[in-house]
Amino acid sequence: MVWAWFRFSEGGGGGVSALAVGRGNGGSGAAGLLCGWQFLKDERQISLSKVLYVPWILKMLWAPLVDHYLTKRTWLLLTLYGFVLACLACSLMAPEANFFPVAIVLLLMNFCASIQDIAVDAIAIQLLTQREIGYGNTIQVVSYKLGSVLAGGGLVTFLHHLGWQTLFVGLALLYVVAIGVTWNANLKLKVRFNPQYSWVRFRTLNPCLMLQELLKVPDTLWTVGLVLLYKLGEQGAISMFPLFLLDHSFSPQELGFWNGIVAMIFSITGSYLGGYLMSKQGNPFSMLKTLMIFRLFSLVFQTLLLIAYEDKKPVFEVAAVLSISLQHFIAGLVTTLTFSIMMQCAQKAQENIQATHYSLLATLEVLGKLVFSSLAGILVDWLGFVGAFSVFLALSGTSVAYILSSRR
């Protein structure tokens with residue numbers, strides 16, 4: 001599947017930009033690549049490196065341009081050319097002496113990557129049938145995870161062994177290969193706009209009118225609520241439970257293995273299973289209901305474990321590892337099914353607003369996770385682990401109530 005190549009190359013080959021901003025599920029933080037080379041010299045530079053998030057947060061602003069102008073293949077090629085030039089530019093600069101020029105180039109890479117993300121999503125919406133959406137979103141979720149892991153660990157390792165210049169020249173060559181694949185790709189559409197929704201029209205770039213038209217697409221308001229709510233309790237628990245274990249007998253090395261490698265394997269397995277079930281049943285909604293209830297019970301178990309936990313007791317350590325593994329497995333399932341619902345909703349829009357529609361949902365999904373991840377640590381400091389996990393339980397229960405109340 002050509003789209004699979006696009007998605008994986010975006011997640012893995014685009015690892016520099018992902019690494020620089022900690023994008024994806026396994027990103028290494030806002031200053032990942034820069035810290036990997038150890039040339040962030042002060043807090044001001046570390047703070048400035050977080051500006052690299054901006055293109056992802058604002059990508060809704062240029063999504064209509066991808067919808068209205070040029071072809072999706074052209075946008076892909078333009079972004080790949082941009083990656084090649086940016087990599088070559090980075091290879092010519094010493095990061096220790098050129099922090100700001102390197103940061104500007106990485107910002108431009110993230111701008112290109114955000115445009116590429118819009119174009120790839122638009123291609124997926126137009127290419128994938130209802131039966132293929134499950135596998136398509138499995139590829140999307142898994143490639144982001146693998147790409148982020150490769151970016152977070154792989155690139156820093158290569159960075160120290162190969163050196164800055166060799167690494168970026170190699171990445172430039174990788175993007176040249178991607179350009180060749182894109183030129184020869186068959187992007188003939190399998191899914192066309194459904195005439196059932198022919199009343200939807202979009203003839204303006206005015207932001208207010210644009211938003212009105214996007215919200216007219218059937219099921220959009222409900223899907224917006226889902227993507228804002230579905231990760232809240234889970235996101236807090238996934239972020240904070242490892243910190244609890246660090247304070248209670250787990251070493252950083254042990255936690256890195258169980259919460260990093262093993263948990264990632266379970267998460268990817270869950271994502272794959274979600275795509276498989278979606279391809280067989282075609283309706284992610286009923287499966288998502290069951291899984292979100294099951295996720296609530298798993299969070300109850302984790303909260304009770306947190307309350308009863310005793311250091312250096314093997315039974316509690318085993319229970320903690322099982323809890324983390326189950327949590328990431330369910331998270332992989334839920335994420336794949338939710339992205340499938342988002343894509344099905346976007347397919348109801350007219351072809352010339354589909355990329356913008358999906359970008360709206362994806363941006364809200366990311367913002368929902370980022371905002372709560374930022375607040376989770378504050379909740380723990382304020383309420384303690386038990387109090388914070390009680391809040392996580394309440395939020396997870398809210399998402400269950402939301403999806404059960406739907407008549408879909």
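Each residue, glycine too, has its Cβ placed from N, Cα and C.
The transmembrane segment annotation in TrEMBL covers 75-94 (among others).
TrEMBL lists 100-120 (among others) with the feature transmembrane segment.
Annotation source TrEMBL lists transmembrane segment at 141-161 (among others).
The annotation transmembrane segment is assigned in TrEMBL to 167-187 (among others).
Annotation comment: TrEMBL describes 220-245 (among others) as transmembrane segment. Beyond the ends of the transmembrane segment (220-245), by six or more residues, the same chain brings 214, 255, 259, 292, 295-296, 299, 302, 306, 309, 320, 323-324, 327-328, 330-331, 334-335, 338, 341-342, 345, 357, 360-361, 364-365, 368-369, 372-373, 376-377, 379-380, 385, 388-389, 391-399, 402-403, 406, 408 to within a C-beta distance below 8 angstroms of the stretch.
Annotated transmembrane segment per TrEMBL: 257-278 (among others), in sequence order. Within its own chain, the transmembrane segment (257-278) has Cβ neighbours under 8 Å at 25-26, 133-139, 141-142, 145-146, 149, 242, 245, 250, 284, 287, 321, 324-337, 340, counting only residues six or more beyond its boundaries.
Long-range contacts of the transmembrane segment (290-309) within the same chain, counting only residues at least 6 positions beyond its ends with a Cβ under 8 Å from a Cβ of the stretch, are 230, 233-234, 237, 241, 244, 248, 316, 319-320, 323, 326-327, 330-331, 333-334, 337, 385-386, 389-390, 392-393, 396-397, 399-400, 403. Taken from TrEMBL, the feature transmembrane segment applies to 290-309 (among others).
Using a Cβ-Cβ cut-off under 8 Å and counting only residues 6 or more beyond its ends in the same chain, the transmembrane segment (329-346) has close neighbours at 121, 124-125, 128, 130, 133-134, 136-138, 140-141, 217-220, 223, 226-227, 230-231, 234, 238, 266-275, 278, 284-285, 287-288, 291-292, 294-295, 298, 354, 357-358, 361-362, 365. Residues or ranges marked as transmembrane segment by TrEMBL: 329-346 (among others).
Taken from TrEMBL, the feature transmembrane segment covers 358-379 (among others).
Look at TrEMBL and you will find 385-404 (among others) tagged as transmembrane segment.
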If we skip the immediate neighbours and take only residues 6+ beyond the ends of the transmembrane segment (75-94), which ones have a Cβ under 8 Å from one of its Cβ atoms?
6, 14, 16, 66, 101-102, 105-106, 108-109, 111-113, 115-116, 118-120, 164-169, 171-172, 175-176, 178-179, 182-183
Given a Cβ distance threshold of under 8 angstroms, which distant residues of the chain, six or more beyond its ends, lie next to the transmembrane segment (358-379)?
56-57, 59-60, 63, 117-118, 121-122, 125, 214, 220, 223-224, 227-229, 231-232, 235-236, 239-240, 338, 342-343, 345-346, 387-388, 391-392, 395
